[in-house]
Amino acid sequence: MTGAVLSALASHWRRNRLQLLTLVLGLALATALWSGVQAINAEARASYDAAAATLAEGQFDQLVPREGDSMAQEVFVTLRRAGWLVSPVVEGRLRVGGTAVRLVGVDPLTAPAGSTASAALARTDLAGFLRAPTLVAGPETAALLAANLPNPVLRDQTVAPGTVLADIGVAQELLGRAGRISRLIVLTDQPLRQRPLAEIAPDLMLRHADGASDVGRLTDSFHLNLTAFGFLSFAVGIFIVHGAIGLAFEQRRGMVRTLRALGVPLRRLIVLMVLELVVLATLAGALGIVLGYLIATLLMPDVAATIQGLYGADVAGTLHIRPAWWLSGMAMSLGGALFASASAMWRLARMPVLASAGGRAWALASGRTRKLQAAATVVLLVAAGVLAIVGGGLIAGFALLSCLLLGAALALPSCLAAILRFGEGRAVRVMVQWFWADTRQQLPSLGLALMALLLAMAANVGVSTMVSSFRLTFTGFLDQRLSAELYVNANGVADPAALMRFLETRADAVLPTMSVDATLAGLPAEIFGARIGYTYRENWRFLDAVPAVWDEVEEGKAVVINEQLSRRADLRVGAMLALGPGLSLPVAGVVGDYGNPIGQAIIGEALFRQAFPDIKPVRYGVRTSDPGGLREALLEELGLPPSSIVDQSALKAFSLSVFERTFSVTGALNVLTLAVAAFAILMSLLTLAAMRLPQMAPVWAMGTTQRRLAGLEILRTVLLAGITTLMALPLGLALAWVLLAIVNVEAFGWRLPMYLFPAEYIRLMLFALAAALLAGLWPAWRLARMEPAALLRIFANER
Amino acid sequence: MNARAWNCAAALTVLLFGFGNAFAQGFAGLGTDAEGFSVPEAGKQFQFPRDHGPHPDYRIEWWYLTANLTGPDGADYGLQWTLFRSALAPAEAEGWESPQLWFGHAAVTSALTHRATERFARGGTGQAGVTAEPFAAWIDDWQMVGDSLDRLRLTATGTDFAYDIEMQAQGPLVLHGNHGYSVKSAKGQASYYYSQPFFAVEGTLTLPEGEVPVRGTAWLDREWSSQPLAQDQAGWDWFSLSFDAGEKLMGFSLRDTAGGSFTSATWIEADGSATPYGDGNLVATPLETSRVDGRDVPTRWRLTLPDRALDITVGALNTQAWMNLSIPYWEGPVRVIGTHPGKGYLEMTGYEPR
């Protein structure tokens with residue numbers, strides 16, 4: 001009997017291949033986007049974990065300098081001789097072949113066990129490691145090192161991408177930091193007797209292990225972002241699957257009745273149908289995981305670039321197959337399919353054996369369902385409102401987004417119905433009236449696909465508004481900051497004094513850039529020394545500042561900080577900021593800073609040189625009316641290497657290209673979401689087409705040509721899509737507001753002004769309409785080309 | 001004395017070849033030729049205090065102190081403090097460039113407990129080192145310092161113990177073997193080896209149960225070499241014994257893989273005059289083994305030296321005196337009964353888990 005039932009069930013799919021395709025493809029697409037995003041997240045997290053595991057940062061307390069970014073090596077010996085079991089680390093970025101790698105120098109004899117570094121070193125020949133200037137790195141980085149440096153290079157799979165391990169002495173030399181160490185790792189087991197830290201090393205402070213890496217926490221928001229996108233795509237996909245499954249179950253009511261009448265127990269039937277679904281979902285899940293892997297592979301380099309650009313964290317550009325994401329993809333596929341079919345199964349289980357086999361598709365929009373939907377809409381939108389007012393934190397931000405989007409999606413059918421009813425009321429001609437009424441009747445079946453379109457469209461509007469607002473702000477920021485015509489990199493300059501003399505006579509102004517890493521208000525930050533001149537006075541725009549802010553800074557009486565520092569440390573204009581021992585200055589201004597994730601404080605050049613006498617300028621901004629000529633002069637007269645001079649436009653172009661890469665991931669996910677929504681519409685229309693014949697046939701029989709009917713079908717689709725996209729616009733703007741005013745502030749520490757981009761929205765709407773048109777075209781074409789006999793047959797059928 | 005060579009070799013091997021299979025590696029690098037390192041030769045005249053300091057031209061070297069102590073209640077304690085030097089190349093340099101590696105071992109043993117810990121350091125930074133005049137040997141906060149080797153203060157701390165003792169030499173330095181040239185195998189491997197076995201000790205042990213004032217005696221061994229072991233030597237049993245009558249005995253037995261052994265001994269009179277005994281004179285026979293860390297380790301021995309009518313039984317104060325460090329070995333205080341009763345220290349290596 002089981003075989004017979006299975007064959008009967010399968011026959012449905014044989015007859016409705018398109019429906020099978022919808023189901024499998026919908027589920028596969030949903031799974032693909034979800035598992036793709038998860039794959040990216042898993043890869044990036046693995047990279048952070050590997051980077052943090054390099055020195056097992058989360059497990060050990062550290063001693064760091066209270067000011068500056070390094071301490072004398074003698075501090076290490078002093079501490080050891082005072083009974084402190086500490087191990088020295090020197091860390092810095094090393095430029096290798098055009099990119100920068102994180103070089104970590106450790107002392108293998110005192111480094112604690114339990115870190116990647118000690119494990120990797122245990123695998124090497126330690127004598128060789130100590131005697132030759134050996135570098136240890138992962139495969140990608142090792143190849144880069146081997147091609148560019150004379151040092152022996154060892155490959156080790158466990159070393160994080162972009163990280164290089166070396167003996168501390170080797171690292172100090174490569175980084176040009178002889179005799180300096182960055183910090184000290186405090187081993188877990190300390191001896192009975194120690195002299196107090198305050199007595200032996202008052203300039204150090206103890207930073208407690210917190211079990212999580214800084215970069216992991218910093219990038220959490222980015223991954224939450226990606227996950228939200230993945231989930232959105234999945235939700236859209238599940239709409240498709242729900243539609244396809246619901247339809248299949250409706251269409252099989254007759255079969256189910258027949259089978260049950262023939263004596264198949266309900267329980268067995270249900271079990272077999274669930275089994276059938278599980279097989280299909282597994283198939284679709286597998287397909288989705290393969291697709292997801294492809295998507296992730298394509299996006300991974302951009303994600304790596306984004307994370308490097310935003311947070312300075314190194315992520316492998318290649319993808320590994322990790323159980324975490326493909327299992328989660330499979331679970332989502334199975335769970336999604338069962339979730340989407342739950343209501344259909346429930347109805348099937350409760351259906352009386354001899355109930356009419358007539359379709360219930362048209363009765364879906366029963367009063368009860370609509371009331372439930374309305375109630376859910378109200379609850380969700382109220383929750384969104386409450387969250388917008390009282391919510392704080394990234395999670396609340398995303399919760400607000402979900403409530404807003406889901407609430408709006410649920411409200412969509414009712415709104416559409418109201419609009420259509422309004423149109424119907426205005427219609428005079430009978431054909432027009434029929435058009436409105438028939439459109440409204442289709443709503444319940446098309447509703448899910450339209451919701452998908454609404455979500456996709458709103459996400460597109462919201463995200464593109466955010467990205468474009470960001471781009472506009474960022475370009476303005478670049479214009480402010482990159483105001484010098486030429487930038488001369490001091491690293492390639494043999495004689496800085498000669499360069500200064502040369503520039504002072506030939507250029508309008510020279511702006512040296514000096515910076516030092518520091519911990520400000522307990523947060524990682526940089527202190528910049530600036531030569532205040534007309535460039536700063538004219539170009540810089542403040543978010544908030546005292547009058548004559550630059551005068552105060554120039555005189556060493558005040559400090560300007562960036563928005564990140566201001567928000568994270570809650571420092572407003574007028575607050576005091578401790579820059580080091582004995583050096584506290586009031587904050588005179590807060591500037592927007594969209595170029596880096598950490599805090600910055602800007603002080604006058606004189607004060608900087610006094611506070612950090614060892615720090616030399618790394619770059620000079622040069623103001624000149626003849627950049628081309630000066631560049632030539634620098635190259636020819638001073639013999640500077642061409643690579644050490646960058647002109648403003650090149651720097652801007654480079655910064656913008658980094659920006660574009662940063663958001664290319666978002667853009668790609670956006671397009672994919674919209675494509676999934678278009679697919680949803682197409683599939684809904686295709687499945688509806690056959691069911692709608694009983695509605696069409698009488699209209700045809702009364703003299704409307706097939707061609708005209710097909711035209712009306714297209715018009716109907718475009719009309720529904722048009723109204724939906726129109727409604728998506730305010731929703732998208734609300735979304736953009738949440739992203740800019742809440743999510744961005746939490747994730748990156750800056751609040752961006754929101755700009756509107758009508759042309760962009762029109763383009764998006766046209767794209768959505770075109771997608772809907774394309775989706776409607778095929779079913780309409782099939783209707784226009786249908787054999788009249790097929791339409792005639794409708795009247796012979798039982799319905 | 002070979003035992004220390006083995007120990008140091010073992011520690012070096014740990015560093016060079018990773019943990020766990022040190023013995024399996026056969027102490028590669030030490031049984032082989034000494035590349036560029038100086039090799040001990042008979043006839044050298046020690047120059048003191050200069051030779052109390054390091055000899056970077058030799059591959060390995062140590063300052064090895066053991067003490068037998070007694071608490072106010074008569075309870076026996078043992079104490080160990082060792083600083084090893086191991087060179088990757090026969091040179092010295094400033095900073096991280098230095099090829100000299102240092103490690104320290106410290107332990108305190110009572111009849112019921114045994115606590116041990118270790119430290120590692122690189123030469124060149126000041127984290128560890130030895131100076132001859134004034135004498136100072138240190139690694140981290142552990143140190144053995146004094147104006148001369150005759151009067152020293154010794155400290156060490158671990159997570160669960162610490163000690164701080166004063167030591168005063170009551171006799172002269174003792175040179176082992178042929179005026180300090182100590183042969184380690186029939187094939188002629190040798191080291192430079194002298195001792196100061198006459199320290200009187202007074203100080204404090206800090207244990208979890210509290211501070212314990214202690215008195216007793218201590219024995220300092222100094223040894224350096226570049227290739228002291230033959231390739232077929234598998235482990236050793238080493239004894240430093242102080243008899244109640246005032247004489248002392250240093251003796252070791254190097255076991256080879258074929259089951260034979262190479263023994264050597266120095267008989268030290270109460271006035272410090274020494275008589276060396278070559279292979280075969282000293283006979284060490286295990287009487288009883290104890291189960292320690294998965295191994296059977298002989299913790300009761302019969303020692304005979306017919307020339308001195310010596311026939312004694314040496315038993316461990318604490319059979320579980322296992323140094324569970326990067327390279328594990330047994331080292332602890334012993335009690336001596338028989339023709340020459342007394343106290344001392346026993347070190348044993350090369351006992352594999354079974």
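Cβ coordinates are placed from backbone N, Cα and C, and glycine is handled just like the others.
Unlike curated entries, TrEMBL annotations are predicted automatically.
As written in TrEMBL, here are the features:
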type     : residues  : note
TRANSMEM : A:226-249 : transmembrane segment
DOMAIN   : A:228-352 : domain 'ABC3 transporter permease C-terminal'
TRANSMEM : A:269-296 : transmembrane segment
TRANSMEM : A:324-346 : transmembrane segment
TRANSMEM : A:374-398 : transmembrane segment
TRANSMEM : A:404-422 : transmembrane segment
TRANSMEM : A:443-463 : transmembrane segment
DOMAIN   : A:669-788 : domain 'ABC3 transporter permease C-terminal'
TRANSMEM : A:671-693 : transmembrane segment
TRANSMEM : A:714-742 : transmembrane segment
TRANSMEM : A:762-781 : transmembrane segment
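Below 8 angstroms of C-beta separation, residues 2, 5-6, 9-10, 20, 23-40, 43, 245, 256, 259-260, 319, 321, 325-326, 329-330, 332-334, 336-338, 341, 345, 348-349, 672 of the same chain, each at least six residues beyond the ends of the transmembrane segment (A:269-296), sit close to that stretch. Annotation: stretch A:443-463 has the most Cβ pairs under 8 Å to the transmembrane segment (A:762-781), among A:374-398, A:404-422, A:443-463. Counting same-chain residues at least six beyond the ends of the transmembrane segment (A:404-422), those with a Cβ under 8 angstroms from any Cβ of the stretch are 232, 365, 370, 373-374, 376-381, 383-384, 436, 439-440, 443-444, 447, 450-451, 454-455, 458-459, 720, 723-724, 727, 731, 734-735, 738. Counting residue by residue with DSSP, the domain 'ABC3 transporter permease C-terminal' (A:669-788) contains 104 helix, 0 strand, 16 coil.
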